[in-house]
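S.K.: The feature region 'Disordered' is assigned by Swiss-Prot to 282-315. If you look up Swiss-Prot, you'll see 299-308 marked as compositional bias 'Basic and acidic residues'. Feature annotation from Swiss-Prot assigns repeat 'PPR 1' to 783-817; the stated evidence is sequence analysis. Residues annotated as repeat 'PPR 2' in Swiss-Prot: 818-852. The feature repeat 'PPR 3' is assigned by Swiss-Prot to 853-887. Under the heading repeat 'PPR 4', Swiss-Prot lists 888-923. Residues annotated as repeat 'PPR 5' in Swiss-Prot, with sequence analysis given as evidence: 924-958. Summarising the annotation, Swiss-Prot assigns repeat 'PPR 6' to 995-1029. Summarising the annotation, Swiss-Prot assigns repeat 'PPR 7' to 1179-1213. What Swiss-Prot records for 1214-1245 is repeat 'PPR 8'. The annotation repeat 'PPR 9' is assigned in Swiss-Prot to 1251-1285.
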Amino acid sequence: MNGSFFFSHFKEFTIRNTNYFLYEESKKSYKSCIVWYMNHYQRFGGSIRRYSNALGQLIDRKKRNLVNIEKGNEILKSYKRVNLKKILKDGDKKKEIYENDKIVSDNIISDNNISNNNISDNNISHNNIGDNNISNNIISDNILSDNILSNNILCDNIVNDKIKYDKGEKWINENVLKKVEGKDNENLDDFNDKDKRNNNKNIMNIENKNIYNINTNSSTFCTHNHINDEHVKDSVDELFCTKEKKKQLMKRIIFQNNHDYMHLIERYEEYKIKQEDEFYNSSNDKNEEEYSSYPSFIKKKEENKSNDDNNNNVNEKMCEKENFKCKEKSSNNDVHYYLYEVDKDNEESNVNMHFNFLKNNLNISIFPEIGKKDILESCKRKKNMQNEINKNSDIKNMFNNDIYFWTKRKVHRAIGWDLIPDNLKRNDDIIDVSELRYGHLKGSTKEEEKEDNNREVGYKDDNNKIHKTMKQHINKDIEQNTGQDKNSNIKGKSVEEENMYMGEKKNDINVQLDDINVQLDDINVQLDDINIQLDEINLNKDERDKKKISYIQRRVAPCNFLKKLDIYKSDATLLNDGSSTIQMNKNVDVICEEDNKEMEKEEEKKYEETNKEPTNQMKEEKLIDIFLNNDNNLGNVKNVEYIKAEVNKGDHKLDKLDIKKEDDEYNEIVEIDSCQNDNIKNKEKNMKYMNGSYNNMNEEDKHYESDDKTYYEGIVDNSKNVFKKMKENYDMFKKNNMSPYILEDCEKYINYYYGIEKEERIKELRKYADMDFYEIMGNGNFGIEDYNMLIKSKILFNKEEEGFHYFNLLKKYDIRINIETYNSLMYTCIVQKNSKLSRLIYLQIIKDLFIPNKNTFCILIKAHILDKDIKSAFHLYRKMIKENIEVDIVIYSTLIDGLIKNKLYKRAEQFFNYIVNYKNVVPDEILYTIMIKNCAYNREAEKCLNYYETMLSQNLRITDITLIEIINCLSRREDYFYKVFYFYHIYLSNEMKINQRLMLYMIMACSNKGNIKRLKEILKTMNKNKIKISDEMYCYIVRTFANNCKDKRVSLSERHNNIKYAWRIIYDLLKGSSHMKKKEKEKEKDIYIDKYIDKEKEKYIDKYIDKEKDIYIDNYIDKQIDERHGEMISTKEHIKKNPTDDNKNIESYNKNDHISFDRVNHLYKGTELHSSTSHDCINTKILNSLILLYINCEYYEYAINMLKYFSYFECVPDYYTFNMLFNMLYYKMKDYGKVLCLYDYMINNTQNKPNEKILNLILNSAIQTKSSKNTLFILRQMFTYKIYPSPKMVKKLYHVGRYITEIQLLINSMIRQQTKDIYEVNLKENQLIRLNIDEYELNLFKEGKTFKSKTPLDEAREQFFKRKQRMEKEKRMSKNKKSSDWLPYGQYLQSKKKGGEIYAKRVDRPRPLAFDD
């Protein structure tokens, strides 16, 4: 550097650049000294040559500029530092100069010690500093900033215009001061004292300093003045709005020093959201505010500004202390570097920088705030998530260390973190990408290595001390090696020798580091396992402490009730720690095994093959054989034995419902099935009385049995016999010829009377049930219609074979039959739900040259509907149209009823509207009743009541079936609870019989409301009428207790009593079912033994055919059977008394006698169904009611534990089970991880498919867990099921996943698919409407009409409106005058005016009287 060049830039050594020359303050004048600078020129020249290209950026190193995440020798991902030089190379100089001038002027005013001339000089010098040329102005703050990672250059830090020296500079500076400034010794001494203090602080700062800590000089700490500048705010906001145009946007940012831009932005963001710091740092320590350097510093500095100039030194000291404390406490956490992802351009094993591997239980969060603020609000407040990342990288971990992978989405994909629903909990470790630190840096300084050694990692376990000591030893070895390298450089070796020597050392160190890293990995794995175990122990202890419940609450647990179950020996159970295990004991019926096992296996196979055929198929074959083959033994019909029970004359009730159509045009029967749920088990063996449920009720029932007159009649009002009395009065009025007005009023209400057609129809059929074919044949008064009724009654009362034999007898005796005979025979297909047999009978009708009528097709359609073949039913409907067979309201009613039974409720309503609008069908009582049943399934109580009012307005008779269906519909709605009892009173007032279906719906109404008082009254009414309680009723009784616990007014003791009552019902069910099954097994076993004996007899008879020995053989067999039967009974009793005796091994097989009763027992056991256990009475619906009971009692863990016991009762959870648990976990527990786990269990382990409601709830929970993997999984599930999110959910997904391209693409594809589906549906609906209109038009053309042709109804309507218009016109005219008598309009106006002659004639002038003339 020559002299001219030096003195041309001598202006740089003004008061602003006091970093590199010494000055003394005396009487407001400054004496500069440049001797120190000249002496140390060579050292600065080397630094200028070496670092001249490093202004305002991190050092550009090929290998050191890369950060690799690797496992062993495999590089998982590489990151590169931000190149600030490229970003700020073309900065706006004018704005930078203007801003620097402003900053310098502010600093000068704060000191109050600089003259105006010096200010101008400083401005000139500062303008030159803005240039990027390689000159002496390089010796500025930028050269010695913290971004220069070097050990040879020590930076000088200035805090509030106070000088701090390095260790090597102090001695030289003191000597220079003594030589040059000898006059002011007193000031020098004071100044040296300050230097000593400042040097001590500076040394401590350098030792404790972090490598990535940004320079904190006076200009950066005075940025609060520039924070208020709106230009800077705009530039900061625009900086983080985009990613791709960052280089151009950086031109707008104005800074004093280019490399401090990140520091300024962070300070500005901290200043901007200081009010939110308390909210985000609520989980940290209370004293954490002390760690925040900037806000507290600014506050104190602003307070100190108001003081006098004499207190400036005190303020400066306070600021220094404040800054020193902040540095000391935040040295390990204040990380301000930024990384971006690059390709793997360095695949060598000798890499310079490594990341420590992360924990296995790592979790990823996708939102800026974990449940603390709404997502949409944060998205509106922040335009980009980059601001959140900046905050998150500060000292304070404001967002619980979340990974914002929405912006850094490639990180989690590269590392491959597994997202499992089990790990989605709040207590799991969550890491922040911005806080990832390097393991060990080869090119790091001594200060960094010491800091790494002193850095403490917060382990919970003491065993992790091994890891710390190993780390310290490794770093010491590295220090020794690097120290040798530095000493070699000091000795004066050349650069090439130094490079060769350093390369060899690096290779040696890398080899050592690889070995040490392998050892550290093994140690880390062991320590992680120990930590996981200890964490589990600590968590279990914490959970136990938190979940301490009272003794009363523990007694309510389901495991305590299940331990008390007393079950039949064959199904004995043992419960261990709440988990149910079934251990089946040995059956007493199996006494011993046979010696000859081969013979036994052969016989077992034969009987198994015969038993594989279902009973329904056997019946079909029998009936088909009887129908197609005319047996010769038809005379022996009387001797045919039927297994089915005989008809009870008085108390028998049909499951099916027959309604007679009373029109004269046709006589037929329309069969409507009772509206029952699919899960109801209406078996006679499971029907039982309610015993032991309520002790008080049992006592009252005994009281009722003693006195018939004091029966409790249930919920009945005093007006129950109103209609009966009214009918009696009407008959009396008719006899006595009372007033016709009274009779008319009575007839209105009598027509309103509800008919009981079901019982009347059953009474008619019961007359023929006990009659015989020959009795009717002997009586000459019976015709073919009576034969038809006989066949129909036999079929409807479960005697199908007898009905078919009677049909063959009709053919045998040439009795003339008609199509109705075949129709009566075809009712067998409806009873047995056999569509195949119905088609065979239809073919036989055509073969016998009979023409099928509409009743035939109605029965065919009904048979196919009951066989769950709705498509074939509609094919038959179209066949009727093609063959021009009349389709009346009965066919339409049957088709709509079939759609409802196949759960096509929407299609049923559409078909009803079609026949009413386009076919001009007028609904009757039956069709309205069917539509009310459809409303019951859809829970549309309002529409049901509308149908009821329509029936009343059309004077249709409302039968008992209609009332029962109305009660069924209203019982499913809680808000119509009292309306249910209104119709129940109407039912009772008409003296209709109380049946089981009605009581079921009344119990359902009580269960939905949770009204136990009304439930007791219903149960008493059932006991009075001797109606048995079914399993479905027990389910709703338990549900009544569950819904009763919803009320907040219910106390804890009442809730516990409800749980006890519910389990008491289950005890009664299990005991009753086990007792009844014992009897059933004994009966079935006796029947099976008798059959087996008969077969054995036939075998012996075939072997010994001789007629002479027949009697002897029969006697011999009977004797042997009696003997063996007695032996079997004795051995059974003996074994039951002594089950552990050796008599179990006794053989009961006799070689001379081939009949083995043990074999009979063994074969009988093989034919038993697996479901015939004592748990048959407990179904899924009862267990669902128990889960609901625990949920409403707020015992959520017990509700989840109930899933374990489904397998114990041999049940499978259904849709309602999972729906209740999903709602509980999401809305009440808010445990979104368990929601995802339960959904995974439902999909993989059950056959339940999610619907729209469940999938939307699962999607919300996946978003709440802040996992993109789970969110994408649920969205794909919705896409496959063609269930689409709502517009609100789409908007939420857009904001949440705006940086995940897969989510955006999937949402777009779902929107496109949804539009396609909706378009196709609308197109089909429009085509169907167009088709219906065309069909209606064609039907009009057949009649010779068009749309414009008027029907009689249209003509009558037109006449009515014409007459109405004429009447309105006549009202406008004057009374008794025609339109021709009207006055002209002008005369009319004059007559209305007041005044004038016309008015005087009318009003004013009195006229003379007649007698005056």
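Including glycine, each Cβ sits where the backbone N, Cα and C put it.
Remember, it's a predicted structure, so these values are computed and weren't measured experimentally.
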S.K.: For the repeat 'PPR 5' (924-958), would you mind checking the mean pLDDT of the predicted model?
M.R.: 93
S.K.: Report the DSSP secondary-structure composition of the repeat 'PPR 8' (1214-1245) as helix, strand and coil residue counts.
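M.R.: So the counts come to 29 helix, 0 strand, 3 coil.
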S.K.: On the DSSP side of things, how many residues of the repeat 'PPR 5' (924-958) fall into helix, strand and coil, could you say?
M.R.: 27 helix, 0 strand, 8 coil
S.K.: Please spell out the DSSP helix, strand and coil residue counts for the repeat 'PPR 7' (1179-1213).
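M.R.: DSSP classes over the repeat 'PPR 7' (1179-1213) add up to 24 helix, 0 strand, 11 coil.
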S.K.: List the helix, strand and coil residue totals of the repeat 'PPR 1' (783-817) as derived from DSSP.
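M.R.: Computed counts for the repeat 'PPR 1' (783-817) are 26 helix, 0 strand, 9 coil.
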S.K.: Please work out the helix, strand and coil residue numbers for the repeat 'PPR 3' (853-887) from the DSSP assignment.
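M.R.: In the repeat 'PPR 3' (853-887), the DSSP-based counts are 26 helix, 0 strand, 9 coil.
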S.K.: Using DSSP, what is the helix/strand/coil residue split across the repeat 'PPR 2' (818-852)?
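M.R.: Residue counts in helix, strand and coil order: 27 helix, 0 strand, 8 coil.
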